[in-house]
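> Look at TrEMBL and you will find A:4-111, A:114-280 tagged as domain 'Glutamyl/glutaminyl-tRNA synthetase class Ib catalytic'. Residues annotated as motif ''HIGH' region' in TrEMBL: A:10-20. Annotation comment: TrEMBL describes A:211-215 as motif ''KMSKS' region'. Feature annotation from TrEMBL assigns ATP binding site to A:K214. Annotation comment: TrEMBL describes A:302-438 as domain 'Aminoacyl-tRNA synthetase class I anticodon-binding'.
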Amino acid sequence: MSSVRVRFAPSPTGYLHVGGARTALFNWLYARHMGGTFVLRIEDTDSARNTADAVRVIFDGLHWLGLDWDEGPLPAGGVRGDRGPYFQSERRAIYDRALRRLLDRDQAYESDGAIRFRMPRKKIVVEDLICGEVGFDCTLEQDFVIQRKDGSPVFHLVNVVDDLEMRISHVIRGEDHLSNTPKHLAIAAALGETAPRYAHIPLILNRTGSKMSKRDVGASLSEYQEGGYLPQAVRNYLCLLGWSLRENREVFPIETAIGKFELNQIHGSNARFDADKLLWMNGTYMRSLSVEEILPHARIWLERTGFPIAKWEQDYIKEVVLLVKEKVKTGKELVEWARPFFQEEVSFEEGAVNRFLNPAGVQALRELLDDLSEAADFASSALEARFRKLAQAHETSVRTYVHPARVATTGREVGPSLYHSLTILGKERVLHRLRRAIETFAS
RNA sequence: GACCCCAUUGUGUAGCGGUUAGCACCCCACCCUUUCACGGUGGUAGCACGGGUUCGAAUCCCGUUGGGGUCGCCA
């Protein structure tokens, strides 16, 4: 282990912001790149907010993204690491000690029942690993509160004390904290300690171009978890916001990012969140990952929709996922496309019926039904041959049969390869659905 | 308002003194094709502006403009 120690210090607000997730990712990448330590610290000093469920959300989000931490609270309970506690709510004695020290040294004083930090009136330079040297003229800076009237310590104090106590070497955080850094540097100095190095990463902006906030669509990581996104894809996309491989390559395994990640090549400019690109990237992952890799996710997506997939054979589910994953971009879409395979009653789309189950379509279904009834081999290649032969016999294109057949068996006019779909459904169910459609739409 | 950060097509980025300014998403056209995707080919679109420095500037400096952030007894 190197001496690099970084941390992700979220406040349990009940959701994990994509910006926060990206901050966690960059910290994690740096730790893994340097062979350092990634610490998770929960900044739950604001007791007004709930914590139990909110902390769970953070655990789940990080776990989903595959960001494991070397020190911090464990989801199952307990802790790992010897520089804890890792909940700020359990560190009160430490803050009191720091406060005492500042008071004793006359670096802080009481005022109106609160304790204020004596901000040095001078120029302070932040040597930021990303932004470079940033000078702040603090000669007119006001003293600020570090302990409230009710005795509770304030963010600026606890944040710095914790980073010091936990021996954090690099603070990698959002650029919205850059302006706070002179305060933090001053506190560390007043405590007689060496401050960590700072690296302020650009913010993630919403569609409109302002800081992505809780209210924005797509701001919460849970939206992607629930929308059927693959964590690998989300993680990969997040890597691209403010950082790049510089190789004209944007889809890459996380190991590659770990190998190449450097703080000094992170951008200084904010990045707008592009939902379209993330969607595209999810699609590429959907296609490139093996069925085995997709399957666990697919089971979750399918179960969440309420399909009784438990009653199906593992191999059957696998076949369906393999068939569909090539054509869809999200789990949500995958579920829709998989619906006909897990739901016996076909739900027909109105437009599809109007277009393809008209008299001509129904007639085509009759011919097809006669033909397929004879089929001994229901393999997709055999089916394709039958369709073509049938079309030839009637001097028409295979489309004449393909479209009505797709609507009759799946209820939809778009979907995966029809021949393969029919094979997976099996002869019995296909014939049944053809008959059913003929009866229903005959008149 | 003060202070700070930033500035390459609509978006994300490559570029780090000499390039026909590259790549990806998006959009458009064509090809492939059982639908939809995928894939392939091609296309539209960019160095915010003004001064310098230099033989030469997207690249360095200054200013302007624009965008963002911070200015809590929130974190």
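A Cβ is built for glycine as well, from the same backbone N, Cα and C atoms used for every other residue.
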> Using Cβ atoms only, which residues of the same chain lie under 8 Å from A:K214 (ATP binding site) while being at least 6 residues apart in sequence?
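Result: A:T13, A:Y15, A:H17, A:S220.
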> Within the motif ''KMSKS' region' (A:211-215), what mean pLDDT does the predicted structure show?
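Mean pLDDT, the motif ''KMSKS' region' (A:211-215): 86.
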> Count the residues of the domain 'Aminoacyl-tRNA synthetase class I anticodon-binding' (A:302-438) that DSSP assigns to helix (H, G, I), to strand (E, B) and to coil, and report the three numbers in that order.
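Per-class counts: 99 helix, 0 strand, 38 coil.
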> Would you mind splitting the motif ''KMSKS' region' (A:211-215) into helix, strand and coil residue counts from DSSP?
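Here the numbers are 0 helix, 1 strand, 4 coil.
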